[in-house]
Each structure stands twice: as C-alpha cells, then as structure tokens.
Amino acid sequence: MSVVFLLQTRPGFERDAQQEARTVALERRGLELKPVETGEGFVLLQSDAPLTPFGWRDLAFSRTLSRVIADIQLGDRDRLTPILDVVGQKAMTFASIWLEWPDTNDGKAMSGFARKFQPLLEEKLATAGRLGQDASTRLQLFFPSKSRVLVSVSEPQWGAPWPLGILRLRMPTDAPSRSTLKLAEAFEVFLGEQGQQDKLKPGMTAVDLGAAPGGWTWQLLRRGIKVYAVDNGPMKGSCDGHPLVKHLRQDGFRFRPPHPVDWLVCDMVERPGRVAELMADWLAEGAARQAVFNLKLPMKKRAEALSDALERIEARMLAAGLAYTLQVKQLYHDREEVTVYLARPAATGRRRR
C-alpha cells in the first residue's frame, strides 16, 4: 500500500525539502520516497511502505508534514460535499480541523475563504460525530488553489503544532531589530515552554557573537540573562548601556569568555562551514553548554552546504568524545538560512535533527 506525504516548505526551497526528505527516509528507515509533485511552497512524495519515516522535527527544510488521503478537484459552487464524501469513507475521528495553503501571495488570499469555510465543515463533521476530544489525529485540508484540495491527516509526532507549520510572533515594540523574532522562535521550537523555563533562567550567562544592534541580546536580557555582546558595531535601544550587557568590540571568531557560559548565540554573516566549526569548538572546549546559531546558506546547493556544516559539527563532537543534541530548522523568520540548536551533555546521546 503506497502512501503520499505532503511537505510544506518556504517557497523557493521545495527541491531542498524534497532532497532532504528522501535522504533522511533512506538513511534512517531504508525507505525510498518517489517524487510525485513539486508545487510552490509544497512537495508531494510517495512511499510504497505505510510508514511515516520522519517527523517535522527531523527535517530542516520542511515546516510540517501530513499523509494525503485524497486529492480532490473542486467545482466553483459546492466545495463542501466532495470533502465530506471523502472524509465519510474513512473510519476516523479527528481532534481538530486545519485549513492550510501555500505560504505565497496567492496562497495567503485563501485565508478569507478559509474563515468562512471552516465553520461549515466543522459543523457538518461534529454533527456526524467525527470530531472528538479523545482523538489525536488532525484533519488538514491543504488548498494549492480554490479548485483543488489535498485532504490529509497528521498525528502530533508527525506535524508541527501550528497551522502551515508557522509559529507567528508579534514584534516587541522595544526590541532593537526584527532579528529578535528569529531567536524567540528558535527557543520556542527547540525548547518548548517547559524547556525555556528550565534552560533560560535569570542569572545565567551568555555570549552573543555578531550582536549589533541587539535583537538576539534583547531576547536574553528579557529573561534576566547576563550577556557578553561581541560586535564592532553599535548596540541600540535598551541593549545600549544595559547593566546586564557587556559590549565588546572584538572579533567574534577570536573571542572567548573569561569563564564558561550557559548560552552561546550567533547570527554572524559568514560561510556556514566556518560558523559550524566555531560553534562546535566552543562546546567541545567547554566554553558554552548550549548554542543557537544561524547558518547562512548559498543560493546553490543549499542542502549540500547544510550537510557539510552538520558533518563538521558531528566530527568535532565525536573527536571530543561528547554526547550532544543537534537540531536544525528553517524557521518562519529565517530567510536564506537555517537555525541550529547544539547542546551538551545530551541525556540520550546524539540526536541528529
């Protein structure tokens, strides 16, 4: 029995998402995924085995994933009946219903339609007894256009906990730059609510490499963390002269703190391999316990550049004989880059993405 997977991604990164998913499925489960369709902001892959070879956390370039149960061409008038007919054939109860679309300008125009359509669908399914509080499966309707819907299902371990796989955050009014949203999203995605409470505590220390104007430093300060802000550029706003900030106009690749710190964060514009090696050196040497950093990827061969950078990290940590956690995601607030979380020690040993 073949299964088709829907992977949602940032527009322009579809082939990277496809390449990565096929590689991960083959290396981890011995499953060959066959390309079915590459659209704008999504990819369809087919497997001959009824297994889900990965979850959304295992893939850097895919925001979320689900299993397609129907691909329906819709008419102009009645879009509800064909969907109800398909769902009615499945002996499934759903915890919730999400309407989704590609993260494109045309896709975003679907949001108005979704606001009107979703209550109608929920009412029909609730009346039919297909919605239940004890269910875990989520029904996801992905509209590449108004005339087509991919009906799919997802479990919590497969798909991201946000529609479209997008965690939307509000820009803080007093943050020095919009880059602050990158670190805020990274903490939420990699640590979760409980992890942030446990690992981001007042009184901790951190180093921010490439800190100016202070977007990432601001996220640390709001949690009461002392920051060495390393950058030749000026800090701005509340980060300029803050009592918890020590601004050092030094080379980020040469700086080391006088004592080990709890956190290392870095958003420097540099080759991904060089940044990866620097981050791994810090943790292997014991200069930092955890790190969040961005890898700026080249326009061509992005998946290859990412794989090379991660292999450099793994080689360094292996040479040091250290257990570690390694996770990678292209976050919503990232652009031509991915964000990496690297930590030691890892209670369960190595965890690649």
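Keep in mind that glycine also has a Cβ here, set from the backbone N, Cα and C atoms.
Values in this document were obtained by computation on a predicted structure and should not be read as measured data.
In the record from Swiss-Prot, residues A212, P213, G214, G215, D231, D251, D267 bind S-adenosyl-L-methionine; the candidate from S179, S307 listed for the same site is S179.
The distance from the Cα of A212 (S-adenosyl-L-methionine binding site) to the Cα of K296 (active site, proton acceptor) comes to 17 Å. Here the C-alpha separation of P213 (S-adenosyl-L-methionine binding site) and K296 (active site, proton acceptor) works out to 18 Å. D251 (S-adenosyl-L-methionine binding site) counts 11 other C-beta atoms within 10 Å of its own C-beta, drawing on all protein chains shown.
In terms of C-alpha distance, the listed binding-site residues S179, G215, D231, D251 place S179 closest to K296 (active site, proton acceptor). Remark: of the binding-site residues P213, G214, G215, the most isolated position is P213 (fewest other Cβ atoms within 10 Å of its Cβ). A C-beta separation below 8 Å, combined with a sequence spacing of at least six in one chain, links D267 (S-adenosyl-L-methionine binding site) to S179, K182, L209, G210, G215, W216, F293, N294.
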